[in-house]
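First up is the structure itself, then whatever we jot down about it.
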Amino acid sequence: MPKIGIIGGSGIYKIEGMKALKEVRVKTPFGDPSDCYRTGQLAGVDVVFLPRHGSSHTINPSQINYRANVFGMKKLGVEKLISVSACGSLKKEHKPLDFVLPDQFVDRTTGGRCMTFFSDGIVAHVGFGQPVCPELLDLIWGAAQALNLSVHKGGTYLNMEGPAFSTKAESHLYRSWGMDIIGMTNMAEARLAREAEMCYATIAAVTDYDCWYESEESVTVEMIVANLRKNAENSKKLVGEVVRRLGSAPSSCACSESLKYAIVTDKKAISAKIKKDLKPIIGKYI
Ligand SMILES: CSC[C@H]1O[C@H](OP(=O)(O)O)[C@H](O)[C@@H]1O
Ligand SMILES: Nc1ncnc2[nH]cnc12
């Protein structure tokens, strides 16, 4: 049975209904994760939960230690990582309270977030043309449809830096590029999950129309929180159904082999420290 990791975003600081809950602190070579991990069972399936902004939302998107968060999941044996996130809509048809399951990301961060485990004495280049696991995406899509939710399969998530929201000029620019939704957090996780050979997919809950739509109010935190609350029951049902389905789904995607040909550094040149630090990720190759 694959171990499932869930990273909760804004408004999602715990998963209701998790049984046999334990809080686990995980040490990583990259520093501290956003919080302790909550392990337990949901729908009879093993899950691990982490709130990416911390359980009291104290960490802003630029300061999240994405590497520690994903590395901790890997150390706990997670194979499938699901992000549950709030997002703004850049298209009329993606309405507040809809869900979007993006299949692409565009990086517009500017603050130099570290998005690789391979930065210091070891180099790897993973394929990222298809940044979301297609099987996991399909499974989430099936679960959302079975629940009759208003959900859009595919689309591009524009990852801005934040923490301030976009200017109108930026919002229109991203629309002109054909972007579907906007958020501040998922790109780094998707890259790191690929390097850690985990499947990754995002459940994005649309909370607002950002600031491009003249007939709608521009985004505020108040609006985001109110819409997340309105959608909480649907999000909970969707996560539960996804986990239940994943518990018995066979998997044939290539995510668990993404590092197979990616490490370019001569094995003899990789230090004992790097081998030890990165063991959960590179141990099977080096
Ligand atoms: C609280 S509003 C902006 C905040 O909400 C989204 O967070 P997450 O992706 O963690 O759900 C967005 O990316 C911003 O970080
Ligand atoms: N409009 C928006 N821009 C960036 N992140 C968001 N998260 C939710 N709505 C957002």
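Quick reminder: no glycine exception, Cβ is built from N, Cα and C everywhere.
Just so you know, TrEMBL annotations are computer predictions that nobody has curated.
Remember, predicted model here, so these are calculated numbers, not experimental data.
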For this session: According to TrEMBL, ARG52, HIS53, SER85, ALA86, THR185 bind phosphate; identify which of SER10, SER119, SER150, SER218 is listed for that same site.
Result: SER10
Exercise. How does the model score the domain 'Nucleoside phosphorylase' (3-244) in terms of mean pLDDT?
Worked result: 97
For this session: Calculate the distance in Å between the alpha carbons (Cα) of MET184 (substrate binding site) and ALA86 (phosphate binding site), and round it to a whole number.
Result: 9
Problem set entry | Cα separation, ASP210 (substrate binding site) to SER166 (site 'Important for substrate specificity') (Å, whole number) | 8
For this session: Could you round the CA separation between VAL221 (site 'Important for substrate specificity') and ASP208 (substrate binding site) to a whole angstrom and send it over?
Result: 10
